[in-house]
Amino acid sequence: MKSEHEGSVESGSGPELLDGLVSLDKDSQLQRGLKSRHIQFLALGGAIGTGLFVGSGGILAIVGPLPLWLGYLSQMFVVWCVMNAIAEMTTYLPMRGITLPYFTNRYVDSSLAFAAGWNYWYAYAILVAAEASAGAILLDYWNTPVHAAVWITIILVVCLALNIIAVEVFGEAEFWFASIKLITILGLIIMGIVIMAGGAPNGEAIGFGTWSNPGAIKPYVATGSWGNFLAYWTAFVRAGFSFITSPELIGLAAGETVAPRRNIPKAARRFLYRLALFYGVSSLILGCLVRSDHPRLLSPESNANASPWVIGIQEAGIGGLNHVINAAILTSAWSAGNAFLYSGSRILYSLAATGQAPHIFTRTTRRGVPYAAVLGTWSLGLLAYLNVSENGATVFTWFMNISTISGFIAWIVVLITYLRFRSALKFQGLLDTLPFKTIGQPYLSWFVLGLVSLLTLTNGFQTFVIKAADGGFDYKNFLAAYITIPAFVLLYVGHKIVYRTPLAKPLTNVDVVTGKKEMDEWCEADVKPVPKNWLQRVWFWIA
């Protein structure tokens, strides 16, 4: 049953565009610059950033090693569910120009899409500032005479340059950035195991000693079992920063990916396994290497020595390696900032193309790079210069709280969109046409939707019970934790009032057909590469 579609297909001398944004033209589908290895490392590059390398130290200092580990494991489950939902939608219609707000507009409601689009852009732009702030903290480790503002400028300019040239250049740069990051994490995991077993120069086999002294859990806000639970919940919430918007990176890149129906499911399936290794194992080891009461862990008083990995290396008596690791972590900040600038610019371009942002942001270079949107997103990253007047760790924490709540809201919208998409497919008898299906749906999505909603509402609960340094209400952290919620509601309600849109499109009007035939025909032409030897077989499995 074909549904009525409220959008339109524009034709003319240029490529055929659906809703003024998404290309159905066969020739334009061939102009895709991101390969399988690019999108897999793009998603990992966004997920493995300063949240793991620097922010994890703050969680460890507040709640201890066990909640840190459990918090990351819990967030990995949430991310896996969100990733599956995104992968199902994008492999169904992997058209050039797609964004997640586009799917929200098509399957749910234009007002929700409008609010979600601006929320995404805001989150990505703030994340650019967060990564630049973290980079400045890391560079200050060497106590250089260079002012922090200079380091922030260098980081931001490099990210801008890599995004403004061409998508192929961006993809290749991100691949190598992420490669350094992954090699670093693997090296740190191996090194951590060696240190725990007594292989460090000091010869001390620390094992899980920090779990008994000072302890596995530091009760938070309350005492007893309730304090232990709140410690876990705090870690669960804060661990979200490490994963925020990372599953969406694959969705945003789907329209610029070669063979999306082969490569998107491949990236989605392996995302969880790689996160389990890089986050599950490394967060467990991290809680063993560094005591939770170590004075240099990330806090408002800490400085560039705050990376728990660097602390662990120094405590083990390994000389010189701390500088190498700090340099590798710096490339991590660059990599994540690079990925977030790419994603934010594509969201802003999409908003402009659909009339929800100034038209100037639709301008592109001859190579198709939306340079105006890149510059617009990059400009909000200039907030990183707040480091000049405030402590770097404090500014980083503000950005972490702001982007985390924006990311949670984005995941809520993604899951609502996916559930509506699936309901429309079932209503129209097209559920069996999904080219990629994941387990536990739609039940897992309903469960995670409720869970993320609860995380969103309790994101800043500690501000109600912990007073600020001056003894008053901690309004700064309260605003950082909750300001995004009323802003999102204002965008949503304001759009509804102005355009008088219904609460949601009736299932009979949800279009899950337009573009499907074109994508089926184009994807059928995909030829899966056949490995010529065992080396190629291994490489094709990895990338």
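Here the Cβ of each residue, glycine as well, is placed from N, Cα and C on the backbone.
Per TrEMBL, the feature domain 'Amino acid permease/ SLC12A' maps to 38-505. The transmembrane segment feature in TrEMBL is assigned to 41-63, 69-87, 121-142, 148-170, 182-200, 271-290, 368-386, 398-421, 442-466, 478-495.
Remote same-chain residues near the transmembrane segment (69-87) are listed as 47, 56, 59, 63, 100, 232, 234-240, 242-243, 246-248, 250-251, 264-265, 267-268, 271-272, 275-276, 279-280, 283-284, 287, 411, 414-415, 418, 436, 438, 441, 444-445, 447-448, 451-452 (criterion: CB distance under 8 Å, separation of at least six residues from the stretch ends).
Residues 40, 43-44, 47-48, 52, 56-57, 60, 64-66, 68-69, 72-73, 76, 79-80, 83, 182, 185, 188-189, 192-193, 195-196, 206-211, 242-243, 247, 250, 297, 308-309, 311-312, 315-316 of the same chain, all 6+ positions outside the transmembrane segment (271-290), place their C-beta atoms under 8 angstroms from a C-beta of that stretch. Among the stretches 182-200, 368-386, 398-421, 442-466, the one making the largest number of Cβ pairs under 8 Å with the transmembrane segment (478-495) is 398-421. For the transmembrane segment (398-421), same-chain residues at least 6 beyond its ends with a Cβ under 8 Å from one of its own Cβ atoms are 51, 55, 78, 81-82, 85-86, 88-89, 92, 100, 103-104, 107-108, 112, 115-116, 119-120, 122-123, 126-127, 129-130, 133, 237-238, 240-241, 243-245, 248, 383, 386, 442, 445-446, 448-449, 452-453, 455-456, 459-460, 476-477, 480-485, 488, 504, 510, 512.
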